[in-house]
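Colleague: Sharing a structure, written as structure tokens. Questions coming.
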Amino acid sequence: MAHQAHSYHMVDPSPWPIFGAITALLTTSGLIMWFHYNSIALLTAGLLSMLLVMIQWWRDVVRESTFQGHHTPTVQKGLRYGMILFITSEAFFFLGFFWAFFHSSLAPTPELGGQWPPTGIKPLNPLEVPLLNTAILLASGVTVTWAHHSITEGNRKQAIHALTLTILLGFYFTALQAMEYHEASFSIADSVYGSTFFVATGFHGLHVIIGSSFLTICLLRLIKFHFTSNHHFGFEAAAWYWHFVDIIWLFLYMSMYWWGS
């Protein structure tokens, strides 16, 4: 192996980006098939293949960072910029949903009965399950910060406890959201209210599942001694993402659940 006289990571050719793109196409096509033809075969194939790509891509990144030492301070700086830009792009993604919601609700058209919520829509009570979900996500924000401080202080046992608690709260939120969807008196097909509500809260729910998965990988790595007090960017990125999910939920709760009802 040739001597490397710089601190940059020269990445080896990887099949995962193109395979990841193919599984994303399969999953989104499967979603369309499910919505229009009530068939989940393609969606299941897409999700399973995406899971396989995720596991193998994560394995490669873990090997490059933990075992080969490619994630030097210079590389970590680049990864931090990348994560910040990714979260910024996600913020603009949600901005589009909020824009659609306020565009429709601030000046309701005659088709909606000139009112918001539209005629015939019975909105969810913001002081019931949505308020509990808000408390759960805020509590998970506290526990993930507790885990972060425990890692930086070298207290591995406490970090494992805090991170496990965060993941359990994340899955509890997802279960409550699924229950709320099941019991809602309106659907995604019920006017622009149903469309904006389910698309915005559904995409947020998807982000909670992604964040919970990200934190689960971090927990497994923490158990296997992959993180040190000064080298744990994988966890840091997951924590940033989780705080972003928390903040988006607060905006969703205040606008769609509380003000929108």
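Just so you know, glycine gets a Cβ as well, placed from its N, Cα and C.
Fair warning: this is a prediction, and the values are worked out from it, not measured in the lab.
Swiss-Prot lists these features:
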- 1-15: topological domain 'Mitochondrial matrix' (TOPO_DOM)
- 16-34: transmembrane segment (TRANSMEM)
- 35-40: topological domain 'Mitochondrial intermembrane' (TOPO_DOM)
- 41-66: transmembrane segment (TRANSMEM)
- 67-72: topological domain 'Mitochondrial matrix' (TOPO_DOM)
- 73-105: transmembrane segment (TRANSMEM)
- 106-128: topological domain 'Mitochondrial intermembrane' (TOPO_DOM)
- 129-152: transmembrane segment (TRANSMEM)
- 156-183: transmembrane segment (TRANSMEM)
- 184-190: topological domain 'Mitochondrial intermembrane' (TOPO_DOM)
- 191-223: transmembrane segment (TRANSMEM)
- 224-232: topological domain 'Mitochondrial matrix' (TOPO_DOM)
- 233-256: transmembrane segment (TRANSMEM)
- 257-261: topological domain 'Mitochondrial intermembrane' (TOPO_DOM)
Colleague: Most CB pairs under 8 Å with the transmembrane segment (191-223): which of 41-66, 73-105, 129-152, 233-256?
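Modeller: Top-ranked stretch among 41-66, 73-105, 129-152, 233-256: 233-256.
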Colleague: Short question: most Cβ pairs under 8 Å with the transmembrane segment (41-66), which of 73-105, 129-152, 233-256?
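Modeller: That would be 233-256.
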Colleague: Looking only at residues six or more beyond either end of the topological domain 'Mitochondrial intermembrane' (106-128), which have a C-beta under 8 A from one in the stretch?
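Modeller: Result: 180, 184-186, 190-194, 253, 257-258, 260-261.
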Colleague: Would you mind listing the long-range same-chain contacts of the topological domain 'Mitochondrial intermembrane' (257-261), meaning Cβ under 8 Å and 6+ residues beyond its ends?
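Modeller: Hits for the topological domain 'Mitochondrial intermembrane' (257-261): 101, 105, 116-117, 123-126, 130, 193, 197.
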Colleague: Any residues 6+ beyond the ends of the topological domain 'Mitochondrial matrix' (224-232) with a Cβ under 8 Å from its own?
Modeller: 62, 66, 71, 151-154, 156, 218
Colleague: What are the DSSP helix/strand/coil residue counts across the topological domain 'Mitochondrial intermembrane' (184-190)?
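Modeller: Tallied per class, the topological domain 'Mitochondrial intermembrane' (184-190) gives 0 helix, 0 strand, 7 coil.
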Colleague: Going along the chain, which residues at least six beyond the ends of the topological domain 'Mitochondrial intermembrane' (184-190) come within the CB cut-off of under 8 Å?
Modeller: 120-122, 124, 197-199
